[in-house]
């Protein structure tokens, strides 16, 4: 008989109580920040038609060629687990005709949820990972570009992370990219035989992907490649100048990285990355947020010829940074009060009190095991309550009990009736 493996799959994690509270706090701060900027939540399926990603993320990108989980379902349809959030969000925008005159413009949404990429698992990077992202659709304005960047930086600030580096670049419009593709191919041709197999295949299809290669030889070759900034059309040059001017007006510090292309083929005009050199990443700058403008994606998915811009943040990597840079971030958790029972009569009263104070908005719990009071109190401490009380026959007869604060010697005598009616009065 073959042994069955029931363990979780490589590249996945279980987020347990004691850890989930940190995730929930990050998600709440994200929602609060995004709401300040006028963004509303959206949820899209975790699997889509394969072409939603293959044709829009880019068939020459590493994500599609090497990392995407795709399969045929029982109906013979080619599907894929979403590797990122933008393409599915734009598909939902188009399919639900959210570009109609009755909807606000720009149409601002945020999402949080699992994504899937077949990568080598490592600290802060899993095959199933969680991404938080924002998209501003039906927009083409340097102001929106800078607002999106400002929003992302504000989110990090709310998490207690301030030591970050913002890098920006532009990939220009179609005129820019056509001119730059030609210049880049002309530069790469003499080095063709030295390029990696991946870059040889991509050079004529999409030479920008060669700039993004992780191969050491490729990196040396492209180190002296022409800059896209030298190929900008008049429109793209003016657009990028306005973006920089607005960043300066908002006192947002940035660096221009003309070699940055991002890993997705749909980007146009403004692109950006927010980076950290925190010790938690082992030295050197690591990207913790990346995004940009995608002016052709909406029409490519069947919608009108409109622009959009957005960004994504990997939560696993973000949590490493938060807990390193802001050690006090981890929230305290546990019930407001825990009841231990000295006997059957006390247990019945504790059960009734528990129900009433929960209905008054208090977080409360009790012992459900037939063990001695001392063991119950030890169990109570494990659940990290702020207060605890022991209720027995004496407390039932007198109609009052001793309420003790866990982290001090503070004790108060409390009327059962008063506590049921207004528990928060005693749990300050």
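Including glycine, each Cβ sits where the backbone N, Cα and C put it.
So that you can see what the record holds, here are the features copied from TrEMBL:
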type    : residues                                 : note
DOMAIN  : 1-331                                    : domain 'Aminoacyl-transfer RNA synthetases class-II family profile'
BINDING : 84, 85, 86, 117, 131, 135, 262, 266, 267 : L-histidine binding site
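Structural mapping of features recorded in TrEMBL.
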residue: 84; record: L-histidine binding site; DSSP (3 states): coil
residue: 131; record: L-histidine binding site; DSSP (3 states): strand
residue: 262; record: L-histidine binding site; DSSP (3 states): coil
residue: 267; record: L-histidine binding site; DSSP (3 states): coil
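Each of the binding-site residues 86, 131 was assessed for Cβ neighbours inside 10 Å, and the highest tally belongs to 86. Within 10 Å of the C-beta of residue 84 (L-histidine binding site) we count 19 further C-beta atoms, all protein chains included. Taking every pair among 84, 85, 86, 117, 131, 135, 262, 266, 267, the residues recorded as binding L-histidine, the greatest CA to CA distance is 21 Å. Of all the Cβ atoms in the protein chains shown, 25 others lie within 10 Å of the Cβ of residue 267 (L-histidine binding site). There are 19 other CB atoms within 10 A of the CB of residue 262 (L-histidine binding site), with all protein chains counted.
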